[in-house]
Amino acid sequence: MAQTPDGISCELRGEITRFLWPKEVELLLKTWLPGEGAVQNHVLALLRWRAYLLHTTCLPLRVDCTFSYLEVQAMALQETPPQVTFELESLRELVLEFPGVAALEQLAQHVAAAIKKVFPRSTLGKLFRRPTPASMLARLERSSPSESTDPCSPCGGFLETYEALCDYNGFPFREEIQWDVDTIYHRQGCRHFSLGDFSHLGSRDLALSVAALSYNLWFRCLSCVDMKLSLEVSEQILHMMSQSSHLEELVLETCSLRGDFVRRLAQALAGHSSSGLRELSLAGNLLDDRGMTALSRHLERCPGALRRLSLAQTGLTPRGMRALGRALATNAAFDSTLTHLDLSGNPGALGASEDSGGLYSFLSRPNVLSFLNLAGTDTALDTVRGCSVGGWMTGRADWRAGRGGLGPPAGVANSLPPQLFAAVSRGCCTSLTHLDASRNVFSRTKSRAAPAALQLFLSRARTLRHLGLAGCKLPPDALRALLDGLALNTHLRDLHLDLSACELRSAGAQVIQDLVCDAGAVSSLDLADNGFGSDMVTLVLAIGRSRSLRHVALGRNFNVRCKETLDDVLHRIVQLMQDDDCPLQSLSVAESRLKLGASVLLRALATNPNLTALDISGNAMGDAGAKLLAKALRVNSRLRSVVWDRNHTSALGLLDVAQALEQNHSLKAMPLPLNDVAQAQRSRPELTARAVHQIQACLLRNNRADPASSDHTTRLQPLGLVSDPSEQEVNELCQSVQEHVELLGCGAGPQGEAAVRQAEDAIQNANFSLSILPILYEAGSSPSHHWQLGQKLEGLLRQVGEVCRQDIQDFTQATLDTARSLCPQMLQGSSWREQLEGVLAGSRGLPELLPEQLLQDAFTRLRDMRLSITGTLAESIVAQALAGLSAARDQLVESLAQQATVTMPPALPAPDGGEPSLLEPGELEGLFFPEEKEEEKEKDDSPPQKWPELSHGLHLVPFIHSAAEEAEPEPELAAPGEDAEPQAGPSARGSPSPAAPGPPAGPLPRMDLPLAGQPLRHPTRARPRPRRQHHHRPPPGGPQVPPALPQEGNGLSARVDEGVEEFFSKRLIQQDRLWAPEEDPATEGGATPVPRTLRKKLGTLFAFKKPRSTRGPRTDLETSPGAAPRTRKTTFGDLLRPPTRPSRGEELGGAEGDTSSPDPAGRSRPRYTRDSKAYSMILLPAEEEATLGARPDKRRPLERGETELAPSFEQRVQVMLQRIGVSRGSGGAEGKRKQSKDGEIKKAGSDGDIMDSSTEAPPISIKSRTHSVSADPSCRPGPGSQGPESATWKTLGQQLNAELRSRGWGQQDGPGPPSPGQSPSPCRTSPSPDSLGLPEDPCLGPRNEDGQLRPRPLSAGRRAVSVHEDQLQAPAERPLRLQRSPVLKRRPKLEAPPSPSLGSGLGTEPLPPQPTEPSSPERSPPSPATDQRGGGPNP
């Protein structure tokens, strides 16, 4: 048994490795418990974050004890005998003895290094206690890597800490966190840890990630916004705040925190003296007074003051606000530190009950506040109860001198009430840049005193950039004082003044007209929603006179009733936009409901010289406004931003704007109109998506920077001069060299010691090289502020402008000389000279037409060049570090090879049983580190990549399956008799994995491939497969109807819808009788019937409902109304319907039906579905046309083609009708028309026909209907009636038949299956079959005395055929009628002869039989024994 220097055999080492797999063993030490001696063998296996004490006397191995390094509270080392004592959380004391001091020191170094990775600021003195010898402790300190030489892991070792905590708590390691940290935070240099990035994880995983921040030195901010924190996460946040000294910012907004959390947070901060917290935001959490009192107490005593404090919308009361104000006023550190204070959204916190000792006491002191937000706190903005500013300030000074700032004296709170502007004018007027006092009261008393505090503050302000007074209901005097103070201040520039919703009205408009021109400090003015109305005319004129206003918001002020006044206002705004001297650049008329009035502004954009931003959202201008906007964008080149949401714009309007942006290259920003897009998406989603994508593509094109510059910018990110895989390679190589050094040991001889020293130097140089990369990046990315370079570039731009002007002048002069020489008489007038001077005047601003970013682009190019230089230098440094590490590792490998000749056998048997082979240095390295060897081979084989995109350190799959597991086939796939596809790929080859111990899989036999040219076929391809059958449970109470087997003649032997016919053939309610003619014996014995189509829509949806035809016929309408069968006569609209082409199954039946009477009434009317009704032309009166209306023409793809009437045919029919003189009836028809007006539309048939009972004659103009068929009983002739115009109708029928034959339509001359209908009236007798000319066909079955078909019991062989089966037929075998309608009719309807007249004046006699020639088999009608679904037996 081969023994290693540490006394552990190779077999035992392999057994331990397999026992602890997949965990990686880093160090094995032989040990024993005190008193047992060396006879009792134990091995201490040290992993990365955990130690295992294994009992190795007998196999299998047994774990006697295991503990995490984070459980170690203290360690005590002893040299004689060499032993260590652990103080653990789970065990009070664990003593282990080792064979030598070297093993003891290795254990101490490994545990100390692991603990230091988790706790970077820990020291060896805290970990090792007495009786640890000082000499041993000194050796351990010298051997432990320092922070400068220790390779830096991503984000300050966050992942290592997180992994250690997962091992300590027994939780799985989440790779999502590892990926985010490696890919996002580290590569982008982000020090802001957001819990929202991991909100999809469980609360325990989230709590572990927060706990890993407790001792992290990289992250500076922890934020959680709009996310409810669980109790575990809250506890870890409190623990982190009590331990972390590097976290500077804590943002917990809208996290459902309560006052108890704030109290505990204050306690945690109070107990941590070295806390680095400087920014705190608890906005959106309901904090009670106790929580605010505890936080205020901490803020009052903390040595390090906060820079930012946000307590917006926290439910602060006046008591909590007073406590906070006193804390800020008491701690003098806040005067020079606090710059951002947000207390907005706390109504009543600064109300009338607030005294002078609260927040105003801090604001009145000199401080450095730059951001103050007190919106919605009910604070008084100016003087209350007439108190003067000077007296209030004097009293406050006396009070502060007498009480030292701890509280106001008696009576001060009543005599000196608080004022906001009075306080800030004394305290922070020189440093305040943002003041938001919106939604507050200006004054609580009606005082006529001038608001001196407001005017005083505005005259003293120096750096103010934003003043928000929205919703404060400013009186005219306050507005006048406001503008006067701004007029007196000569220090302010670019101030944004928000006066929206202040109810200024006419008085405020007059003040603004008088003083806005003098307020030169205001560059942006928001006057929205102030009810100006008609005063907008003069107000716009006053705004146009201002020379400082660049942005004006006038929305929600156009509530003008007079249209002329509104037009006047809009035209004044247009003049303001087109004025060359007006500096206005941005205009907002949002939420004004201008509708078509916005078109005036949009037309003005075509000639706009200055406007760069426009907001026209909320004006309901529709698609017309969108089209005008599109036209303006085609010619406008000054606009940079357009906002146009909430305008009722459809997809067409969006598409117009998108197409206009194709020609606009200057628009940079157009926020997506979400409301309009959401509405348009519902109606036309495809067109909307196309328009949105086109808009975004055009904006991206307009904002695209130089591709070379963008490539450099993305490549050279912070901490990214060298790609992360290169840094990872350096770190891995450092680790590999360190492992070689540890493997070499101390007794390696002079050459080994030299190799170790070289390796240590290489590691130190590599770590130092990586540490200077951020310095190189800062040096390369620092902006160039060389004033000489800037002056030269600006001078160069001026020179370019002068050259352009000179070029234009030369071109103009040459053009004039040429024009004068060619046409001197045309240039004698003076008008052309004025026009030419106007054009040349535009060349004065030619330097402004040069690229606006030319100067910035020049500095950007310089920065990119500097980054390229530093990047090249960084790459060379890293390359040198890699070369040094590789050389050191090669030297160590040579030393290991020389040492192996002494400690290991010189030769090993060959794997194939041949002669033993000597080990080369590379083979020895592959023996110890097979994974690294394979990785190097893969790197050598793969092409080199200078800038890899993905880090090699990202292991998204933590577990590696062994080769045996990969090669083992699944039982289902390997079982014989199954359709198993051959497996290919690396998983099927069974290559052994080095990381997976176990016996290697044997080589698989080679597969015999077919010769070239022969296709690869699976061996089970020809195997017969069983027929798939789906057994459906029959419905309760339904008859068991066996499904009909498919016909072989139809070519449907393999159907894909087995079981569908069984489903459709079963009924929930028993049917006793059903109208069905008998089957034709000729059809049964002749051609093979085509399978029937699927019953759809009304035919199958209401299959459980008994049809009306099953009920007995009734002769009296009064006694039994509505159920008697009604005979439906063929109308003129049925004549004009195009007949269908017969199928194969119909030809034989049609040939047999040629022997019957050729009466037109006997022709079977084609049965159309609702969609196919688009081909029918119905003649209805004008009133019926208005009542019914026309449905849109919706057709299916299979219905287009030969069955469609051409427009020319319809025109010919109309000409025929005009020739024969069809007109409206009169006389007795009027009475019948009035009587039957209530029953104009009786009911809809199963195929969508609307039964019309009107007797009114149709107009001469023919209009196609999609779903209406006239069935007027008054139009139906009697048994023997013949009108005088029968010859005319006969001629029309012959012409129609000839027209149909010329178009190639199938002629149906034989008798169709007559459909039994209901009698139209109880007093009218139904015509007999003899009088109607109906043939006595045996296939139709017997008839009753009324000429109706008698009902027949339900056939047992009925079944439903799916649509898929019908589509499998060949096109030649599928009849045209199947293409038109798959709807199954409930019963055939009896066809009546067409009415000879359409009104009462045309007679009531039926047409005589029309003799026709027998048709050919191609034109034969369908057999009566076959229904319209393809020739199957009729039900």
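All positions are counted from 1 along the displayed chain.
Cβ atoms are placed via backbone N, Cα and C, with glycine included.
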(message) Of the ranges 135-162, 1087-1114, which one does Swiss-Prot flag as region 'Necessary for localization at the cell membrane'?
(response) 1087-1114
(request) Scan Ser782, Ser993, Ser1395 for the residue that Swiss-Prot records as phosphoserine. (result) Ser993
(request) Run through Ser991, Ser1381 and tell me the one Swiss-Prot describes as phosphoserine. (result) Ser991
(message) For the candidates Ser90, Ser821, Ser895, Ser1246, I need the one that Swiss-Prot annotates as phosphoserine.
(response) Ser1246
(message) If I count Cβ-Cβ pairs under 8 A between the repeat 'LRR 6' (335-362) and each of 89-111, 249-272, 303-326, which range comes out on top?
(response) 303-326
(request) Using a Cβ-Cβ cut-off of under 8 Å, list the residues of the same chain that are 6+ residues beyond the ends of the repeat 'LRR 4' (274-297) and lie near it. (result) 221, 241, 244-263, 265-267, 304, 306-317, 319-320, 323-324, 326-327, 340, 342, 345
(message) Over the span of the repeat 'LRR 5' (303-326), how high is the average pLDDT in this prediction?
(response) 92
(message) Counting only residues 6 or more past its boundaries, what in the same chain has a CB within less than 8 Å of a CB in the repeat 'LRR 5' (303-326)?
(response) 249, 253, 273, 275-289, 292-293, 295-297, 333-334, 336-346, 348-351, 353-355, 357-362, 373, 406-407
